[in-house]
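See structure below.
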Amino acid sequence: MAGVSLALRLGISFMKFSLLLLLLAYQSHSFYLPGVAPQDFVTGAELKVKVNKLTSTKTQLPYSYYSLPYCPPDRIVDSAENLGEVLRGDRIENSPYVFKMREPQQCQILCRITLDAKTAKQFKEKIDDDYRVNMILDNLPLVVPIPRFDQENAVVYQHGFQVGLKGQYAGSKDQKHFIHNHLTFTVKFHKDSQSNLARIVGFEVKPFSVKHDYDGQWKNENTRLTTCDPHARRAVTSSESPQVIEDKKDVIFTYDVAFEESEVKWASRWDTYLLMADDQIHWFSIVNSLMIVLFLSGMVAMIMLRTLFRDISKYNQLETQEEAQEETGWKLVHGDAFRPPTNSDLLCVYAGTGVQFFGMILVTMIFAALGFLSPSNRGGLMTAMLLLWVFMGLFSGYASARLYKMFKGTEWKKITLKTAFMFPATIFAIFFVLNALIWGEKSSGAVPFGTMFALVFLWFGISVPLVFAGSYIGFKKPAIEDPVKTNKIPRQIPEQAWYMNPVFSILIGGILPFGAVFIELFFILTSIWLHQFYYIFGFLFIVFVILIVTCAEITVVLCYFQLCSEDYLWWWRSYLTSGSSAIYLFLYATFYFFTKLDITKPVSGILYFGYMLIASYAFFVLTGTIGFYACFWFTRLIYSSVKID
């Protein structure tokens with residue numbers, strides 16, 4: 001009867017996992033909740049353009065807009081930013097660009113600057129590093145439309161425009177640097193059919209490099225240019241006579257504004273930014289991974305049900321002690337299977353930290369899939385993850401304390417301190433070193449001391465007390481009882497076959513969880529390091545569920561094989577089996593660095609591998625905890641289902 005009961009429970013569990021995956025696959029389209037309220041504009045209303053950071057995929061170091069000698073407003077005002085925006089390196093400020101709603105402008109002069117050797121060098125360095133200028137209008141980022149020649153009427157949008165370009169004059173071999181000093185803006189709006197109000201649904205630009213000329217004396221904004229004159233209907237349409245960057249050269253910054261009515265509604269205005277060019281590949285990869293895992297779930301469930309049912313039935317039908325002594329398999333190590341492992345305190349800390357990570361990611365995924373963390377709310381995703389991490393400290397302390405008490409530990413304050421400080425201190429130390437490197441480069445991506453203090457306050461002021469509270473609650477509850485009695489003297493482990501070697505089985509076990517997520521990992525790395533939006537959280541949630549199932553299944557299977565070979569040291573191996581997928585994640589990140597990125601500066605390379613090391617470490621803790629608790633549940637289930645004298 002015990003074998004039948006175990007078989008039914010395992011079968012029901014795997015059926016629940018499969019049904020959940022199918023349900024998520026059917027409902028992968030998440031609805032969109034905008035992050036800001038819509039704003040209506042009447043004709044002639046003032047539209048203020050804001051400037052954001054300068055970004056480059058070659059250096060990964062953002063700089064503020066006014067780090068270059070662009071035309072400043074009368075007074076530079078920083079916009080209020082949330083914690084996530086500061087950590088992302090955003091620096092949103094006002095600009096001298098002022099539009100009038102639905103009133104086109106042509107050849108508006110911003111200012112004239114005279115370059116010196118220092119400013120010319122600054123512009124040249126930014127052009128060499130492919131820096132792009134980012135602007136914002138009504139919370140929409142500026143994009144450059146680029147036609148796709150492989151598809152008719154298809155357009156790809158690049159975020160921001162390049163500071164300038166490099167080229168040669170006709171008949172010359174000397175390479176020059178040219179600045180984009182004329183911008184042709186296009187503001188798309190959706191008009192209300194019943195009123196004169198309109199909403200902004202698009203913000204595009206075409207940059208040009210033009211060496212402006214004018215007659216007479218310079219009269220600031222009232223100067224009449226010969227290269228660009230609205231009175232003579234002369235507009236800038238090309239960069240045939242570009243503005244070179246050299247010492248003592250004058251540069252005149254100008255812009256045009258055109259307004260274009262659009263059928264796109266305000267609620268759908270982010271669709272063009274979130275459009276993925278390779279959506280068919282993405283769909284295929286997700287469906288393929290889903291089918292593989294569903295097939296794996298069925299196979300594992302069938303194998304485990306048949307094998308366990310046979311084992312448990314055979315063990316429970318043994319009539320004599322002599323017969324039991326002649327048997328081999330996982331039952332023989334019942335007296336040692338729940339013996340506390342070596343470094344049990346460290347295992348408790350890692351298990352508690354993994355629970356904290358799991359709770360943070362699960363809640364973040366749910367809110368993101370429902371649309372609450374839209375890209376229009378800049379920094380919202382990172383802010384939410386930080387706050388959730390802090391508040392999940394309650395569950396971290398509880399999980400580590402429960403496991404620690406099961407291991408007969410008594411110093412709960414000691415294990416609580418380790419849980420509260422060990423992992424965060426490691427991450428904070430790496431982050432502090434990387435931030436010092438960014439600070440040395442004078443980049444806006446460096447976290448200010450005020451923000452650093454806020455992070456420390458969240459850690460010590462909220463997270464640590466919550467970890468202590470959770471640990472106190474968990475330790476005061478009755479301990480988890482082992483299903484079987486532990487022997488006083490440890491049993492000798494027989495010699496293992498080559499395929500059960502701990503290192504080999506751990507590395508093999510990590511391949512499957514990584515294989516379930518590595519395609520999605522490509523999109524995530526692309527969005528982070530190539531400065532693209534990532535907003536397919538419905539897909540990501542499916543992949544996360546696939547990762548959970550895969551980690552649990554592969555760990556349970558290898559744990560079962562390990563126990564069958566009479567090796568009862570399953571505690572750490574269950575954690576490392578699925579956790580080893582982090583090794584493959586870091587190796588893939590290394591492959592991505594050398595094949596997809598164009599980073600040449602040593603500091604930028606250190607930043608990349610530093611942040612990917614943090615991500616891999618976090619992935620190790622997450623996947624290791626999932627595998628550990630799956631194996632913990634499995635071993636308790638099978639040993640509680642057999643009769644042991």
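Each residue, glycine too, has its Cβ placed from N, Cα and C.
All annotation found in TrEMBL is predicted automatically rather than curated by experts.
Residues or ranges marked as signal peptide in TrEMBL: 1-30.
Here TrEMBL flags 283-305 (among others) as transmembrane segment.
TrEMBL lists 347-373 (among others) with the feature transmembrane segment.
The transmembrane segment annotation in TrEMBL covers 379-399 (among others).
Within the chain, the transmembrane segment (420-440) has long-range Cβ neighbours (under 8 A, six or more residues past its boundaries) at 61, 349-350, 353, 393, 396-397, 446-447, 452, 455, 459, 463-464, 467-468, 603, 606-607, 610-611, 613-614, 617-618, 621. According to TrEMBL, the feature transmembrane segment maps to 420-440 (among others).
Residues 83, 352, 386-387, 389-391, 393-402, 404-405, 412-413, 415-416, 419-421, 424, 428, 435 of the same chain, all 6+ positions outside the transmembrane segment (452-475), place their C-beta atoms under 8 angstroms from a C-beta of that stretch. Residues or ranges marked as transmembrane segment in TrEMBL: 452-475 (among others).
Annotation source TrEMBL lists transmembrane segment at 496-529 (among others).
Here TrEMBL flags 535-563 (among others) as transmembrane segment.
Annotated transmembrane segment per TrEMBL: 575-594 (among others), in sequence order.
Look at TrEMBL and you will find 606-634 (among others) tagged as transmembrane segment.
Proximity of distant same-chain residues to the transmembrane segment (496-529), defined by a Cβ-Cβ separation under 8 Å and at least 6 residues beyond the stretch ends, is recorded for 57, 60, 276, 282, 285-286, 289, 292-293, 296, 536, 539-540, 543, 546-547, 550-551, 553-555, 558, 561-562, 565, 567, 573, 576-585, 588-589, 592, 596-597, 608, 623, 627.
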